[in-house]
Amino acid sequence: MAKETFDRSKPHLNIGTIGHVDHGKTTLTAAITTVLANAGLSELRSFDSIDNAPEEKERGITINTSHVEYSTANRHYAHVDCPGHADYVKNMVTGAAQMDGAILVVAATDGPMPQTREHILLGRQVGIPRIVVFLNKVDMVDDEELLELVEMEVRELLSFYEYDGDNGPVVSGSALGALNGEQKWVDTVMELMEAVDNWIELPKRDVDKDFLMPVEDVFTITGRGTVATGRIETGVANTGDAVDIIGMGADKLASTITGVEMFRKILDRGEAGDNVGILLRGIEKSQISRGMVICKPGSVKPHSKFEAEVYILKKEEGGRHTPFHNNYRPQFYVRTTDVTGTISLPSGVEMVMPGDNLTITVELLSPIALSEGLRFAIREGGRTVGAGQVTKIIE
């Protein structure tokens, strides 16, 4: 089935499969595309094509990820599946694949395992709002009581990490059975997708959020004034809108948008995702620089101290060869600029090894516009040594 036949009028969501190694995430991903393809809603993707995940580079980090897409009767989904546990950690922490919701796969034969817990924790840390559970391999469990026990364990685990373990859907089935076309199990995959449709909420679109654009470059147009260029991250820029310009420790500037330029044409507006030049009233070129943000007045404040969930690259990934200790001072590449900051490790953690992921506290030398969920890279001498995202603003 050709790509073009997808109905783009359906609301779009990004989801993914998470869970312990060998519990059937990739088999389930293949089963979903197969079952929906047979219902005329998707194109078929074989297990092998998903399992041989291509390498991607995101913020200087190599991650193996498979992307599949499919539709249900109500929605269009982009779905990510990662072959290895380390790929999941990197994917979730760096936000290479932003997820609006996740399908947690738990093998009924095993019950929740260490990575089950770790993926739920990561989901909580990186703000995946809702999780649907697929209890897999139930065809290999004869004992009905055991199934109930596993479901109860999973629900308790979700509740422990502040997900709605009591009300969230848990669907029992067999991904392999569905992939092989056994009707009983095909039905469970359809039931799963119905649960995903109903339980995972549509995210707020970037366009509907407050306006924010990180400044990439600044120049002067004779007779028109100062222009700041960049890619609009969220919201809409309209000619005539008042804006704040928030910078690296400097006092905030107030201005008005006098024009939005795109592909050398003057427009009335620009929206999230557009690369634009914004004309600013009463601002000198010397007052703005790369790394500042232009935003809706009062919507963003500069902060210098925050908690973050980070992944530190292994040596083989181009990261550090040695561990680092408390008060390590790298650069934090946020949006369009580097800012030096000091890392404080959690109590009881003496040092951080390449390949670790953990929660750290960061204090930047100068305050910059920050919000929860914002992603960044950690750099040292111009090379990326880690990546993460802000989980909590402290001050």
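Placed from the backbone N, Cα and C atoms, the Cβ positions cover glycine too.
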Suppose you had to name the range Swiss-Prot annotates as region 'G3'; which of 81-84, 269-272, 353-356 would you pick?
81-84
Under Swiss-Prot, the annotation region 'G4' belongs to which of these stretches: 40-43, 124-127, 136-139?
136-139
Got a sec? Which of these binding-site residues, GLY19, ASP22, THR26, CYS82, VAL138, has the most Cβ atoms within 10 Å?
GLY19
Find, among the binding-site residues listed as LYS25, HIS85, the one whose Cβ has the highest number of other Cβ atoms within 10 Å in the structure shown.
LYS25
Would you identify the secondary structure of CYS82 (GTP binding site) according to DSSP, in three states?
coil
C-alpha spacing of THR26 (Mg(2+) binding site) relative to CYS82 (GTP binding site), in angstrom:
8
About how far apart, in whole Å, are the alpha carbons (Cα) of GLY19 (GTP binding site) and THR26 (Mg(2+) binding site)?
10
